[in-house]
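Annotated in TrEMBL:
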type	residues	note
ACT_SITE	His88	active site, electrophile
ACT_SITE	Glu136	active site, proton acceptor
BINDING	Asn5, Cys6, Lys7, Ile141, Gly176, Ala197, Ser198	substrate binding site
Amino acid sequence: MFVINCKNYEEISGDKIIKFVKTAEKISKKYKIKIAIAPPQHLIGLVAKSTIPIFAQHIDDSKIGSTTGFVIPELLKMSKVKGSLINHSEHRISSKEIEKLISKLKELKMTSVLCVKDIAEVKKYVKLNPDYIAIEPPELIGSGKAVSKEKPGLISKAAEAVKNAKNNTELLCGAGIVSGEDVSKAIELGSKGILVASGIVKSKNWDSIMSEFAKSMV
Ligand code: G3P
């Protein structure tokens, strides 16, 4: 599985997100790899009915109805959105909110991808049994220096912590991943997939970089 977080990059602004998602659909089918995409929040509706899972980048612990500007999981579900990132490094929330949102996504049968910054957080939050825990050292995000090469021990320790929890949570890792080699190294170290942004979104050739990543996962 790889999750592409589009953040708010200009490269996928407006209708460009449609071409981006179509490319991912093609690559996912060709290599039989699960690819999920988290578009900018305001563009989700444009691509939510794709053949690959579309995730939100952030959700709020807020109710249906008079909650102006909040992003409500129940309404995302009604728009066919399949899950959400929670607690991304660029949009951290409290542990109380994390707990409530994981449980809300479970009730709704939506996928939770909980982002954490270190092993202590892996150990703390794996107990909540999110579908995925994505470990991303903040200092490597957007750096082009892959977590799998710069901090291999972090991935293997995180994989062990997730395994020791003996639940259904799977490990993803991210930050600075830009090549197929970075991806295969992450998988070798025990990650089940990756969370990536700039390495794919900012690439001049989406088809070729997504293919490179996908081939490194099969
Ligand atoms: O959510 C993924 C992200 O934080 C990693 O960013 O640009 O280093 O792949 P990037």
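A Cβ is built for glycine as well, from the same backbone N, Cα and C atoms used for every other residue.
Feature annotations (TrEMBL) mapped to structure.
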residue	record	contacts (Cβ under 8 Å, 6+ apart)
Asn5	substrate binding site	Ala38, Gln57, Leu85, His88, Gly174, Leu195, Val196, Ala197
Cys6	substrate binding site	Ile12, Ile17, Phe20, Ile37, Ala38, Pro39, Pro40, Gln57, Ala197, Val201
Lys7	substrate binding site	Pro40, Gln57, Glu90, Ala197, Ser198, Val201
Glu136	active site, proton acceptor	Ser89, Cys115, Val116, Lys117, Val147, Cys173, Gly174, Ala175, Leu195
Ile141	substrate binding site	Ser89, Glu90, Gly174, Ala175, Gly176, Ala197
- line: Reading the DSSP string in three states, the entry for Ser198 (substrate binding site) is helix
Query: What recorded positions among Cys6, Lys7, Glu136 have a C-beta sitting less than 6 Å from any atom of ligand 1?
result: Glu136
Message: So the record assigns Asn5, Cys6, Lys7, Ile141, Gly176, Ala197, Ser198 to substrate. If I measure every Cα pair among those residues, what is the longest distance in angstrom, as a whole number?
response: 14
Message: Using DSSP and collapsing to three states, where does Asn5 (substrate binding site) fall: helix, strand or coil?
response: strand
Cβ packing number for Ala197 (substrate binding site), 10 Å threshold: 23
- prompt: Out of His88, Gly176, Ser198, which of the recorded positions is least crowded by other Cβ atoms within 10 Å?
  reply: Ser198
